[in-house]
Amino acid sequence: MSVGIDEISFYTSNYFLDLKTLAEVQGTDPEKYYTGIGQEKMGMAAPDEDIVTMAASAALPLIERAGPDAVSTLMFATETGIDQSKAAGIYVHRLLGLNANCRVVELKQACYSATAALQMACALVARKPDTKVLVIASDIARYDLDTPGEATQGCGAVAMLVSANPRLVSIDPEVGNYTEDVMDFWRPNYRSTALVDGKYSTKIYLKALKKAWDNFSTVSGYGFGDFSRFCYHLPFSRMAQKAHQQLVRHTKAGLSADEQEAQISDTLLYNRIIGNSYTASMYIGLTSLLENTIEDLSGQRIGFFSYGSGCVGEFFSGTVVAGYREALHLQRHRDLLAARREISHDEYLQLYRHPVPTDGGEHRFEEGTTGHFRLAGISHHKREYIPR
Ligand code: HMG
């Protein structure tokens, strides 16, 4: 019996800022963003959307197909949590009408926690193959204005149904891990934006890749040549290109630049126009690969490198299942991305500065999201989520 990702669906906000607009205001060459970091656009959340509404919108198509009673556990991975105590997934559980016997939990370790959730979901399904686990990763990436991180913001959520005999990707049990206590990127509880040592974070990412790969290749016995494509954590698309170049060098794979690019280019397409979605970003990259690769990937093995600052890196692998195209949500994702509206720099600043009230009063939020759910307001410190 194989275990893995049976279905995958993502959501991102209907607003985006083109990075050439940001570059113009900053007096920077737009090519620094388009080419230097490999990003064109970044998603900006509407005033009435957050990690909960994005997560529920991402998961709704899966639940519509599988039914609300199909899921025994909901794992919610995020690093932009809205509550120190209550799991964001409990709101999603209600919005999706899931069974009261479904357990819900939230997981955190920067951008890595969705991978921890996926691995734990696979273990739960292996123990009880007639169950399905819903893994959701949802984040809003925010840095201070006028910092190098600003151009690498974004937002998005991805939902994956994990089952026995999956229709998309079966996940191999072997993993390679690397953990080290470093301060490359972090967000203390009293801050709404992340702190980051940008250049250092890219170095640590590459170090964790090498170490996780070494561990993975030892425990699994796989070599670089066993993989046809690679999905990397995507803080910005150029990071994956640098990572892949390094892995090629490290494993002495001896590929040309074009051959290297062909192994990752289809994973980058959605991230380039959504931006960093932290926990969700590698899995939006996987969706991009499955939905945009012309060649039939059936039977091909994919390498995954998941990275979360702080830091944990994990290298693992999976095999694409024959007939996977039947289970994709390709047209819905294309429609979602095509229907987005470009915003001006002034609108971007308004969305960026939209206050989250903390006074316990009665606050209503203006309608902005085109997703299936909205955050109607906050009253007496309680968030009110409704279908739109
Ligand atoms: P920066 O200082 O603005 O950029 O910060 P730069 O000056 O280094 O330029 C970036 C690249 O653009 C360089 O290329 C330049 O040469 C090039 P490189 O040397 O890297 O190959 N460039 C140009 N190219 C073409 N035309 C031009 C031009 N000008 C310059 N005119 C930095 C970049 C990534 C540091 C910044 O954006 C940042 O701090 N981002 C946030 C941190 C981050 O994303 N780190 C990634 C690793 S950590 C991670 O992935 C975890 C994370 O997702 C969080 C989590 O786990 O929770 C962040």
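Each residue, glycine too, has its Cβ placed from N, Cα and C.
Of the residues Asn101, Asn177, Asn276, TrEMBL puts just one in the (3S)-3-hydroxy-3-methylglutaryl-CoA site with Asp29, Tyr143, Lys242: Asn276.
For the recorded positions shown (His233, Lys242), fewest C-beta neighbours within 10 angstroms: Lys242. Fewest other C-beta atoms within 10 angstroms, among the recorded positions Asp29, Glu79, are seen around Asp29. If you average pLDDT over the domain 'Hydroxymethylglutaryl-coenzyme A synthase N-terminal' (2-164) in this model, you get 98. Each residue of the domain 'Hydroxymethylglutaryl-coenzyme A synthase C-terminal' (251-348) gets a DSSP state, and the totals for helix, strand and coil are 47 helix, 20 strand, 31 coil. Close to Cys111 (active site, acyl-thioester intermediate), meaning Cα to Cα within 10 A, are the following recorded positions out of Asp29, Glu79, Tyr143, His233: Glu79, His233. Ligand 1 lies under 6 Å from the Cβ of the following recorded positions, listed in sequence order from Asp29, Cys111, Lys242: Asp29, Cys111.
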